[in-house]
Amino acid sequence: MGKGDPKKPRGKMSSYAFFVQTCREEHKKKHPDASVNFSEFSKKCSERWKTMSAKEKGKFEDMAKADKARYEREMKTYIPPKGETKKKFKDPNAPKRPPSAFFLFCSEYRPKIKGEHPGLSIGDVAKKLGEMWNNTAADDKQPYEKKAAKLKEKYEKDIAAYRAKGKPDAAKKGVVKAEKSKKKKEEEDDEEDEEDEEEEEEEEDEDEEEDDDDE
């Protein structure tokens, strides 16, 4: 990914993110010359957040609401630079892209890693999962690969039916075209799958973080 547009509004922050920012500022004031062990610091913040009352969290939730309003207001007036591709519209009724074997593996092991290391960031959790997958034997990967292959097969049937709705000839043409360029299509699909999975993982992690905020 290239560098983003510097004029693009800063992303909105969650109540927990504001809390961590405040903790960091407090730590800097108390220990201006001390270096921070980020992993240890994150863990302490996470533990402290979980013991806070709803009233104590209220201040940070108000900050998050105000920041969300600021972000939405700025995005209304933000004009993307020329040449920047807009994200293609996704029909909510379209069949959902199937997860890859790695994504299925991540879904199974992510909660375990988060439970063992509650202070880890989204990026560190993803890195750990990647290392685990790379160190997994081919035989142990097979159940995930078989499940992913079945889901992909089902998706291809579902998407063909979805695209053929209202276009009777499209299904026939689609089958012939798919046979001719199946390899190319699979490569393109795999690339898109990876992008979608990254987005889905981020969304899942953000949702989980927001759930922690609400507790």
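Glycine is treated like the rest: Cβ placed from N, Cα and C.
Keep in mind that this is a model prediction, so the values were computed, not measured.
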(request) Could you tell me which of CYS45, CYS106 is bonded to CYS23 by a disulfide, according to Swiss-Prot? (result) CYS45
(message) Quick check for the class: what is the C-alpha distance, in angstrom and rounded, between SER100 (phosphoserine) and SER35 (phosphoserine)?
(response) 40
(request) Taking the Cβ of SER35 (phosphoserine) as the centre, count every other Cβ atom within 10 Å, in any protein chain shown. (result) 6
(request) Specify the secondary structure state of SER35 (phosphoserine) as given by DSSP, simplified to three classes. (result) coil
